[in-house]
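Structure record follows, encoded as structure tokens.
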Amino acid sequence: MIHDDDPNAPGAPHDDATAAPASATRAAPAAGDDDDANPLHLRRIRSFVTRAGRVSTGQRRAIDELGPRFVIPYGSAQPDWDAIFGRRAPRVLEIGFGMGASTAEIAALRPGDDFIGVEVHEPGVGALLKLIGEQQLSNIRIIQHDAVEVLAQMIAPDSLDGVHIFFPDPWHKARHHKRRLIQPPFVAQLAAHLKPGAYLHCATDWQNYAEQMLEVLSADPSLENTAQNYAPRPGYRPVTKFERRGLRLGHGVWDLVFRKKHAG
């Protein structure tokens, strides 16, 4: 997810990085974790770690007033997204949008595209709904659920024009790297839901995770890198306050943009 400017928001940066994920907070490993028994880990991968968050009065009002229109309940059937958005347009899935400021900015910058934002934490959902109302955005819908399950159940194969995964939890301790979202089985799942020629854009402020992302994405046979290694930041991805602060301190940010190969 992209980091937003509320220092008390889910995903506010930790001491040694410029940013932190809203949908995947640094948390202690769950007791009884049996990832090692499953070499693919796909059933164990989650796009978030459960944690509490305070919903403000404004966020609650936005949820109550705008949620019925803009929040799509999770279900096991694939919705008619054209009917939901009221048009047929390029469709982008964003996994973990945090407090939603950057999501709203991208949607405003690209009014011809439709965005499905997935975020489990209610304060972030309320914050994005508030921005949707304030900016009168019609090209965003929200699913408050685990992105792994949303992708498997609610998104048709070969249907997405793009996927954004900005600043996911780096799980910086080596023994926790297996919990990182960007792993071969999940990348294969993402690629299967992209249209040929569609893009997957990841960003991180952890060099070790950037290196792993590059390795994993490069190894997927259905994807190709749009750059030699790391990509320049695309103009549509905003630079957040925390990212600017980190850059001033000499911290790096790495963008990776891959495309799904055309058949043949």
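Quick reminder: no glycine exception, Cβ is built from N, Cα and C everywhere.
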What does Swiss-Prot list, out of GLU65, GLU119, GLU122, GLU134, as binding the same S-adenosyl-L-methionine as GLU94, ASP146, ASP169?
-> GLU119
What is the one among the binding-site residues GLU94, GLU119, ASP146, ASP205, GLU243 whose Cβ has the most other Cβ atoms less than or equal to 10 Å away?
-> GLU119
Please determine which of the binding-site residues listed here (LYS173, LYS241) has the lowest count of neighbouring CB atoms within 10 Å.
-> LYS173
Cβ packing number for ASP169 (S-adenosyl-L-methionine binding site), 10 Å threshold = 27
How long is the line from the C-alpha of ASP146 (S-adenosyl-L-methionine binding site) to the C-alpha of ASP205 (substrate binding site), rounded to the nearest angstrom?
-> 23
Would you mind checking how many other C-beta atoms are within 10 angstroms of the C-beta on PHE242 (substrate binding site)?
-> 23
